[in-house]
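Summarising the annotation, TrEMBL assigns (6S)-5-formyl-5,6,7,8-tetrahydrofolate binding site to B:ARG22, B:GLU87, B:ARG126, B:LYS461. Residues annotated as K(+) binding site in TrEMBL: B:ASN233, B:THR252, B:ILE254, B:THR257. The feature GTP binding site is assigned by TrEMBL to B:233-238, B:252-258, B:277-280. Here TrEMBL flags B:SER237, B:THR258 as Mg(2+) binding site. Summarising the annotation, TrEMBL assigns domain 'TrmE-type G' to B:223-382.
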Amino acid sequence: MPQYEAGTFDVIVVGAGHAGAEAALASARMGAKTLVLTMNLDMIAFMPCNPSIGGPAKGIVVREIDALGGAMGRVIDKTHIQMRMLNTAKGPAVRALRAQADKVLYQQEMKRLMEEEKNLTLHQGIAEKLLVEDGKVQGLITQVGGIYRANSVVITTGTFLRGEIIIGDLRYSSGPNNQQPSIKLAENLEELGFETVRFKTGTPPRINSNSIDYSQTEIQPGDDVPRAFSYETTEFIMDQLPCWLTYTNEKTHQIIDANLHLSPMYSGMIKGTGPRYCPSIEDKVVRFNDKPRHQIFLEPEGRNTREVYVQGLSTSLPEHVQRQLLESIPGLEKAEMMRAGYAIEYDAIVPTQLWPTLESKQIENLYTAGQINGTSGYEEAAGQGLMAGINAAAKVLGKEEVILSRSDAYIGVLIDDLVTKGTNEPYRLLTSRAEYRLLLRHDNADMRLTELGHRIGMVSDDRYEKFLAKKERIGEEIKRLRNVMIKPNEATQQMIRDAGGSELKDGIRGADLLKRPEMDYDMIQRLTASETELEDEVKEQVEIQVKYEGYIEKSLQQVAKLKKMEDKKIPENIDYHSISGIATEARMKLSEVRPLSIAQASRISGVNPADISILLVYIEQGRIAKVSV
Amino acid sequence: MEFDTIAAISTPSGEGAIAIVRLSGPEAIPIADKLFQAPSGKKLAEQVSHTIHYGHLVDPWTEETVEEVMLSFMKAPKTFTREDVIEINCHGGIVSVNRVLALVLRAGARLAEPGEFTKRAFLNGRIDLSQAEAVMDLIRAKTDRAMDVALNQMEGRLSKLIGTLRQALLESIAQMEVNIDYPEYDDVEEMTRPIMLEKSMWVRSEIDKLLQTSSQGKILREGLSTVIVGRPNVGKSSLLNSLVQENKAIVTEIAGTTRDIIEEYVNVRGVPLRLVDTAGIRETEDIVERIGVERSRKVLKEADLILYVLNYSEPLTAEDERLFEAVKDMNYIVVINKTDLPQKIDLEKVQALAGSRLLVTTSLIEEEGIDQLEEAIADLFFEGEIEAGDMTYVSNARHISLLHQAHQTISDAIEAAEMEVPVDMIQIDVTRTWEILGEIIGDTADDGLLNQLFSQFCLGK
């Protein structure tokens, strides 16, 4: 194959899925001349699995992406068919937004955004080989011999690396949804010394909506209240489509039992590790055989299609068994299967080979993001893509690197977990992975990240000024509530009684009254006769910040402690083998992960407090030695 | 980890007439002020630095006077660690010094890691490079031993109990997490405030019990309750006297209403024992019948350790065998006394009856075998891994301090539940309690929760 010089860029992004799209947009937005290379331009931001975005933890990631100037929130706000706020009966820390997506519209909108972005070039092509010189990436060569030169490369190949689809005893080389797999690039990464693991994930069958008897299912509508992920969204889609709920039953489970020998999961054909939080239906039935039924959600894939995603029925059983399964489920007796479910195995790189910027430790200026790093989920991919894009561009442009801490964002938790602990199954974010989830709320993503987004050039001045104004209104209102006295007059007592609280004995400050469980902001506002009418978002912030002040304060104290440890940096050139006293296991783990700070070191499993103490002493010793020379 | 206030006993254990508990860190003075009462009523914060003060330590929770002490007050930077330092000089002896340590830990100090004072001195630029090397060796050496102790205790009753509490908490936490992360998953009951409250109350009451009765805590306050039993004239009183003579008695007291039960406090190789001699009880013909006397039975039941004395120069009697039966589920050591006389006892049969229990032969008259017995007691307590009382009581104080912390966090959870705070926020304190209890038994693996989640629930969406 003759080669030719195809162009020079600051940053090349390989892949245009959820990670690639964010990486490319971020890099371009930061001011880097960026190329995004994808196998198929019609598959930009494709959702090979469920047609939904958000949910607990993940929804907060979408908000964080938005606050940092990313695209996912804006795009889903324009293309969803349903939105729901989850966990509304619980505290503010765990509320989360979830949207059902119109998959095709989502792709089109993302593609449009990318096409509009200046500094960003889209090109269809297959990356085969990275150009690496002196341990530093220089660009890549495509299948057709195009040589693309760049200072940084971001690889976001999802499940394409040596992807293999498995249905029953059929197994063939493929990316998701029968796209081309990436074989040459996988071999190239192996040659370059990347350690990989084999993961597996799966997807359920899709059926035609016209063949569903909805009368036998329960309706699951969206919220009546307009909702949006992006802080910038001003137009809301109110025309929503419902989802539907049905259940498996004894008969379904009998079919699975009778055909288990045909399942590649159980015949030993699938070796890759699958995610525990998203098991196949055969897994659910085998592992929880006392459960008489499992939930099946029927989710429309879009407005202009009749295809319906059968959430909960992920399987790799042969197609004829999948048909039987569907027929056993109420409402789906006559279901017309449009696509069969399948399992997919793929290579993921071991993520402890990355720095917290998502740059590879082996090859300078090479970044990886998304499912290739062992995660699962569109939001996890997008969050990483955004950070990899920001850092790839920052490095080229000589700007500061951006690492979010565990107390800054769920994205910080995600990346820190990956690069510090690695993962032995496809990694999904869960709220329980965050130590400071009270600080990492859905509502305050802008409070946490807009400042940073603006500083690095991802958030416009205009948006930033709006944010500052909002912040100021929140601060002023809190100050007002802390000062204003509420007298125990009859009107006040009446309102408190009506809310089910006990009467006031004395006058009380507005903020203190708001702390009572039965009170909310609107009540206090009425009692204190405020003249300015504030936006709902401001009211929400005021209420949460005042009501949960004690808890928030407690979390902040913990964060302050952690910060001291984060600030104790470990020199990059440290040689753990020359430090006497560190236990062997800790020594190996530290050498592998090469943590940047003492805090990160202490999160590595197998590194105990004594090792940390020794490390601290050693580093201090080095510092003193340097000074005294 | 850094920059908090640490405390530890800084004198060798048990031996000296005076022991020192040292505190270092930004909270050292406020903590001491919480506990210390000078006759003048003056607060330490008002005093001149580098001075010594006489006064009492008073438990602020019970207002009980704990110790008469001399307290050295040294403000940073001219101190060993270059931080504020308080040294509390109290009476020597394991019980009193541990009581003081437990008190300062409760008041907000953290138990120092081995070598931590020296480490701070180094980090704050107080000592030089060569000394630092020594610190690292020290940290490693001491920690390995501390870990041995921790491992030994893993087997113990305490860790089992803690394990039960943690599992109960974990199930609630997992359930809560499922509610949060899988809000549509309908197969798990919604975790509600009343359920959370009930469970938290139960855990708190168990922690209360542990704090009151855990053998570890008991040792700190009153020693390991040790009862000497055996037929008449096997040498019980001689054994008591030998143990007391060999070891300096810490306290001697005669219980007011039960003058016939004598208690002696002794320190056997770092293990504090409260020796209870039933010898004072009027002896009846049938020893088992005597055990049946309500009071003696109670003493026996509450014993942490039994020293069961047999006569080497007489064959085993039916009574001896019945006594084996009476103590069979307890911790005991068989002491075969009077080896100065010809052997009549069938040692193989004794061994068969005693199973895996330790046998020690003595001649108390000839002063033989006492060392072996003391070693056996220490072995039993430390499971043979550690020399005289070095780390163990410290880690006990650590347990107690952690239990107090857990008590605090679970109380916060209870208060929040009563205040109708949202369940997922109550759970923050519940999770913290679970983590603190994990520190007691050294189980801080953070994938425990996820494993629980995925094994307990069948999750999808």
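Heads up, the Cβ atoms here are built off N, Cα and C, so glycines get one too.
Shown here: features listed in TrEMBL, placed on the structure.
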| residue | record | DSSP (3 states) |
| --- | --- | --- |
| B:ARG22 | (6S)-5-formyl-5,6,7,8-tetrahydrofolate binding site | strand |
| B:GLU87 | (6S)-5-formyl-5,6,7,8-tetrahydrofolate binding site | strand |
| B:ASN233 | K(+) binding site | coil |
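Taking CA atoms as the reference points, B:SER237 (Mg(2+) binding site) and B:GLU87 ((6S)-5-formyl-5,6,7,8-tetrahydrofolate binding site) are 41 Å apart.
Residues near B:ARG22 ((6S)-5-formyl-5,6,7,8-tetrahydrofolate binding site) in space but far in sequence (CB under 8 A, at least 6 apart, same chain), listed by position: B:ALA7, B:ALA8, B:ILE9, B:SER10, B:VAL85, B:ILE86, B:GLU87, B:ILE88, B:PHE117. The most densely surrounded of the binding-site residues B:ASN233, B:SER237 is B:SER237 (count of other Cβ atoms within 10 A of its Cβ).
Around the Cβ of B:LYS236 (GTP binding site), the number of neighbouring Cβ atoms within 10 Å comes to 23.
Per-residue pLDDT, averaged across the domain 'TrmE-type G' (B:223-382), gives 73.
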